[in-house]
Every structure is written in C-alpha cells, then in structure tokens.
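A short write-up of the structure that comes next.
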Amino acid sequence: MNPSQILENLKKELNENEYENYLSNLKFNEKQSKADLLVFNAPNELMAKFIQTKYGKKIAHFYEVQSGNKAIINIQAQSAKQSNKSTKIDIAHIKAQSTILNPSFTFDSFVVGDSNKYAYGACKAITHKDKLGKLYNPIFVYGPTGLGKTHLLQAVGNASLEMGKKVIYATSENFINDFTSNLKNGSLDKFHEKYRNCDVLLIDDVQFLGKTDKIQEEFFFIFNEIKNNDGQIIMTSDNPPNMLKGITERLKSRFAHGIIADITPPQLDTKIAIIRKKCEFNDINLSNDIINYIATSLGDNIREIEGIIISLNAYATILGQEITLELAKSVMKDHIKEKKENITIDDILSLVCKEFNIKPSDVKSNKKTQNIVTARRIVIYLARALTALTMPQLANYFEMKDHTAISHNVKKITEMIENDASLKAKIEELKNKILVKSQS
C-alpha cells in the first residue's frame, strides 16, 4: 500500500470534521521515510504534536492492518525551524528507544528563566564533548507537571543522538510494561540487553517505579550497570528523591548521588517568553494583548498553554477569522472558569497571611497598619484575578461599605505594582503558588 493512501482510507474510520480539521492537513514525506518509518508533515509543530499524540498509534495500526507491515509513525512540522540533523537520525537509534524523541524538544527551543536555569545548565553541560557520564551523573530533575521536565530530558536525548550515542528514553510506564511483557514471554535477556547496553538512559516520571519491589530491583541493577560503564542517567519526577513514596532507600540514595535540580513555576516574563517562542516556532501571530491575556489568565502548565494556542489557531483557520482578544477570551472562558472554581478567597487569604506573618482576622478587619493594608490589597487583587467573585461579594467578605471600596483598593495596589518591581514579583510568586496548589 502506498503510505499516502493510508490517510484517505482512514477517512472512513473518522467523522468528517475530525478528518478535515486534522488528518487532511498531513502530507506524506517520502524523502525522509523508510521501510519501517513513515514520516508525515503537518502545517506546524503544535498540530504535529497533537496529531502524533491523538492519531499516531491509530495510523500505525491501520497501516499494519491494511498492508501487513509494521512501521513507526512520525508526525513532524513541515515548517519546523530545526536543523537537518534532527531529521537524519539513524533508524536503529529510533528503534532502540521505548518512545520516539520529539525532534522539536531541543535546548534551542527551551526558554530559560530563573525558574529552570539550574536544571537547564546541568543538562546542557553534559552534552558537551566527553562530558556524558562523567560530569554530572545522575541528574535528577523534579517539579510540578507541565513545566518542561520532559522537554529538557528529550533535549539531552536529541543532542546525544546527534553525537552518535545510543539513547533509551522511557516513561516509568514504558519501563514497567517492557519488563512485564518480557517476563511473561520468557525473554528477560532481551529486556536487559535493551536497557543495560545504552550510552544514555532517560527515565520520565521515575516516581511511578514504586509499584513493586521486583521492578525496583531490576531498575537498581540497570542503574548500577549503566553508571559503572560511564553511561549517563537522567530522571524526572514530581518530587525530590527523599520525598518519593514507595521507592526503596537504596534507589533514593542512587538518585541523590549526583545533581538534583528543581524546576519551579515560571515568573510572568518567562511565561510570556515561552508563549512567544511557541508562536514563533509555529508561525502563529498573536498580539501582545492576547499573549499577556494567556499568560495572566492560565496556570503554568506549558502543555495547557500549547493547547490553548492550538485551539486559537484552529478556530482562526477553520472559521477564517483573525485571532483577536475577543476570540481568545471566548475560547478560554470555560477553561478559566474551571480554574477559578477550584480557587477560593479563603485559600488566597491563608497564603498571603502566611507570607506576611499576619492573622487573617487582621486582614479582614478595618485596621490601617501599612503591612496589613498591603496584605489586604494583595488578597483583593488576587481574588479579582483568580476567582469569580464580584466586587460586591468581595466588599461583603471584607465587611466594607460597598464595592467602591474594593475598586479603590484594586486601583491602589495596581499603582503600587507598576512602581515596585519587588512587589510585582512577590505577587506573581503568590499567584503561581495558588495556581499550582489548585491543580494538585
């Protein structure tokens, strides 16, 4: 079967809108494809990632059923601004990976800020000549979901492949499934050969290895063998090694015997830079107003932000509309409403009071001490930004005369933010903490 016919035949399996909106935009890339690797080009990187995630396995299965042959499906951006090196990776290396590395996850496409520069620096440093397995080993990167840990992990993988290294990238789930299936088939030698004989081992979400002692025992021996052979090991997790539940002490000790780097929620300027980078990479034009609205209205999960950008681009393309602030607000309204329903003013009050070492009762009183007034205004400001409470409702909460008192406080704190960079940073930090807590 001609691979270009796969999508046309798959059309019968999908509804018309689904096919027209997504798969009809794919073009078969014969030049980069091989017998067991089929490459398709999508209009941009965001669309490519979406189609790869949602339809990649379905396309592969359909191709196998129709042709009798197995093939890896790789969806990439036609206009991707990446070097040819990332598209010339040897098929043997691709087949050696548990999961294909995303070629767009590079160090160049990673936006560096105060929240991630230590993790970025450690990972980048080991990809210099003769540093793999010798400089920092292992590297353990942790932080909340959606902040770029996988991007950084795969950036190391892509850089290592360009150096001619054998790379294994796997999530904990991949690792567990590989072990289980090989155990059932009596082929553990194959499993050991795959994971132990690599130059670089990348494990995503290592915290999920704590399901069984047998899995951890296997990983312990694999870890030791790779380390003893000067292979590089990098892992990601939601928490530092000492806080991993269900993980044995000897594994925690191994994880901590190197660089431990955290990634925290980005400050507003880094968040805006990330959005600009995503738009630039995918040839999507958004005004400053829209970019600022996305940055201030959503949490810090980069995948969520990408999803919004994909939706905006899809709306504009399908409806033939310009992407305006009004369109952005319309597309995002349900998402923002859902976020706001998870955050209460009591949550905000509690966090601000803890930060300023003030009693909640003082903030809700009419006391005029400067630090209490500032804390009160910050609570009001954050409540307006992060909850659905109206000004009259806030006035009732603080037992103020009417909503004009709330409006006055909002105006004052806004002026203070404009003139005080440290206060602006502090409020942004508090906002990020509240958003992260609401997502946990």
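Quick reminder: no glycine exception, Cβ is built from N, Cα and C everywhere.
Keep in mind that what you see is a predicted model, and the values were worked out from it rather than measured.
These features come from Swiss-Prot:
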- 1-74: region 'Domain I, interacts with DnaA modulators' (REGION)
- 74-99: region 'Domain II' (REGION)
- 100-316: region 'Domain III, AAA+ region' (REGION)
- Gly146, Gly148, Lys149, Thr150: ATP binding site (BINDING)
- 317-440: region 'Domain IV, binds dsDNA' (REGION)
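Of the binding-site residues Gly146, Lys149, Thr150, Lys149 has the largest number of other Cβ atoms within 10 Å of its own Cβ. Other than the site residues Gly146, Gly148, Lys149, Thr150, same-chain residues with C-beta atoms no more than 8 angstroms from the centre of those residues' C-beta atoms, the ATP site, are Gly143, Thr145, Leu147, His151, Leu152, Thr236, Ile263, Ile302, Arg303. Cβ neighbour count for Gly148 (ATP binding site): 26 (other Cβ atoms within 10 Å of its Cβ, all protein chains included).
Confidence across the region 'Domain I, interacts with DnaA modulators' (1-74), taken as the mean pLDDT and rounded to a whole number, stands at 80. DSSP assignment over the region 'Domain I, interacts with DnaA modulators' (1-74) gives 42 helix, 12 strand, 20 coil.
Secondary structure at Gly148 (ATP binding site), as computed by DSSP, is coil.
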